Each structure stands twice: as C-alpha cells, then as structure tokens.
C-alpha cells in the first residue's frame, strides 16, 4: 500500500476516534447518565428539591427551588429523575405582581414554568420527604407518589431551601425536620446502597448544625451549608437593598444569598470543568465577603471531602451554552453586603413595606400595622420567656451565655435527641415559638439537655415561664 493510502487510513481512524469521543460527551451532557471520576461504571443522576416554607413573604425559597430545577433540566437531567417539594402558593398568590411567574433575581427570567409539582400543600412534609429518599412508595401520602429509585451506581443531589434553627429545618406545616432523624435516613440510604455518591446543599439559618458532629465521613456524602451551626443565613435582592428587585416586588426578597451564589455560579461556567471545590470556594467568597461579624454567614462543608474533587456535571449536569468557558479570571459578580437581609428580619421588612405602600387610613395599612405590632410583641415575649426558662430549669440567674450553643466545633448540637425533641415541642406548644424566630433559641434548649436537667422539670419550667404575661 502506498504512503498516501496509509495516511488516509490514519486520518480516517483519527476522525473516528474524535467523533466517538464527542458523541460520548454529548450523550453525557444531554441525558441523565453520569460517568464517575474514579472508574467507568455508568449511573444515573437524581435530584430532590425541597422548599420548606409557604406564604408570600417567603417568596425566595420557592424561587430558589424553581431556579435550581431549570438548571438541572438544562444540565441534562430528566423530569423522571427530579422530585420537587414546594407548597406552590406563590406563583398565583394575590400579592404576586406577575401572576403565574416566579423570578429569582432582578432581571431574571420566569423559573416557574415546567416545574413538576410532585408534592405541594400539606404533602410537603417530613414523612413524605424521608419516604422519597428511602424509595418507600407505600409510605407516601398524597402527591405524585414518586420516590427515588436510585441504585448503587447513581449520584444523588439534594437541595433544601427554607428556614432553620439549631438542629432543625422547617416544613410548611407545624412540624420540623430534626437533624438526627435526617442523618438516620442518610445512613439507611447508604446501607441500602441507594446511591454511589451524594451531594446536599442546604440554605437555612444555623444549617451547619444539621451535620456538624453527625455526618460521618465514610458515607460518600458531601453536605454544603449556607451557614455554620450558630449563625443566620441571609436573603438578597430585597427591597431597599442594592441591587433591588423590580419596583413591583416591593415587599419581599427574590432569593437567598448562598442559593443565588451557587445557582448563578452554575449558570456562568462549564460544569463539566468546574469541581465542587471550585464552586464551594466561589460561593463561600460571595456569601461571606463582609469581614464584620454578624453581617454575613460562613458557608461550610461536612462529610466526605474527597467528593470536592468531583465535577459539577456528575450531580447537576452542565450548561451547553458554556461549553468553552473557563474558570480563569471569570467569577460570578459580587453581591454587595448592602444587599443582605437577615432572614429572620424579612417578615418585618415585608410588613414595613406593606405599611408604607397603603394610604394612612386604609384597612390594609391598619391590618399590616397590627400584624407588625403583634409580631414585635410576640418576639419580645419569646426573648423574655427563654431567659426565664433557663433560670427556672437550671436554678441560675446568670444564663445569657446559654442562649446559644456553647459546644466546641465538631461536636453535635445535643447528645440526647429525645430530650431535645421534648424541649422543642414544649417551647412551641406553651410559648408559641416558630422556626422563623422563636426556635432560634433551640440551641439554648439543647444546652439544657446537655446539662442533664430533668426533662419533666424543664417542661414545667417552660409552661410556667410562658404563662407569665
């Protein structure tokens, strides 16, 4: 054969190899299949998205979840592999200035369209969430009935956006998700071989307390939280901040700082070339850029650190539009700290804006003023009650240092979780504490348990303290 013939064959083989590689890459980017970083075993990408709140002043949580869904779908995950929990009372809420539309940033597109509503209203609850994770169809009540059907080669991504407090995550009803219960479910999933690797993102106050000292590092699970175990998370794109939401969104925040940071970072980069560690560092800088304590939150990670080396494409897909983007010198735009609002103050901001919006003598203004007065009075009573509870329970007068968790880093919030549950339920029942404010003191209740105080005695102290007007 001539030299020309050999050259033609080599060119043909080279072209065949390039075509095969490109076809494989396209297939991975546009399907739910993933290829792990450490071997050639194929698996499926699964995602569970949870908005743990309702009501219009909590607009941002459902907006975050809807935005995440759009990124996952564009990244190649199929609807059959994405399960969504959201109350679904925001898009068509009477106060929504754009009926049927949800946006997650000032110039953002509608992120609501196409989102599968697997679990809405009262079906957004702890029992259904846990049964979805465990693949237990018989335990589901209401909703679509869809559960994770992941297996030992699959990657699972969980994103949870809501209110939180030490050891707790919110659900729209009167219940909360307790950290120890969540960890038990994750360990069951590991025992059942329901996944190969798992990544969890949590947007909530004190979200680090859900994993610190609890999540083992040998479960192949990486958890990233918006805040450490002792601090609030922050809302952004809020009224009277910069950049502000559109003028018609004059009473609520469009997003949460941690969530906006990872969502917008994902849209900017080629996620087949960006690692979890690179995104973590970028989000940590963007979320906690303010050096003043108490003005930002500190993004944290827990669990299996080796997963930080994985590429985002293995969990949330990749954006085909960014195929040739590189990370060098290219980061998400900074969020000014003037744009941050403590999430526990957002209900107050909402009511203040409503008061400003309506005429002086209007019924709407008077109603908003009454709600604001009631909320401020309730918060004052909660603040006084928790101090009295500590004094009565511990028979001490100097108790202010126990209002927050005093445990060292790396330890779980509490050892006796049954005691903690009893304290939390009693504080809710007798004092009317809710997770968006009152249960920020759940760390103080944990401290009571850690000091070995009799549970019945403390329940009596809670009842007595909250009966004082």
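Cβ from N, Cα, C; glycine included.
Please treat TrEMBL annotations as automatic predictions, because they have not gone through curation.
In TrEMBL this protein carries:
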ACT_SITE  163  active site
ACT_SITE  205  active site, nucleophile
DOMAIN    370-466  domain 'Legumain prodomain'
SIGNAL    1-23  signal peptide
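Within 10 Å of the C-beta of residue 163 (active site) we count 27 further C-beta atoms, all protein chains included.
Residue counts for the domain 'Legumain prodomain' (370-466) under DSSP, split into helix (H, G, I), strand (E, B) and coil, are 68 helix, 0 strand, 29 coil. Residue pair residue 205 (active site, nucleophile) / residue 163 (active site) shows a Cα separation of 6 Å. The average pLDDT computed for the domain 'Legumain prodomain' (370-466) is 93.
Other Cβ atoms within 10 Å of the Cβ of the residue listed as 'active site, nucleophile', summed over all protein chains shown, number 29.
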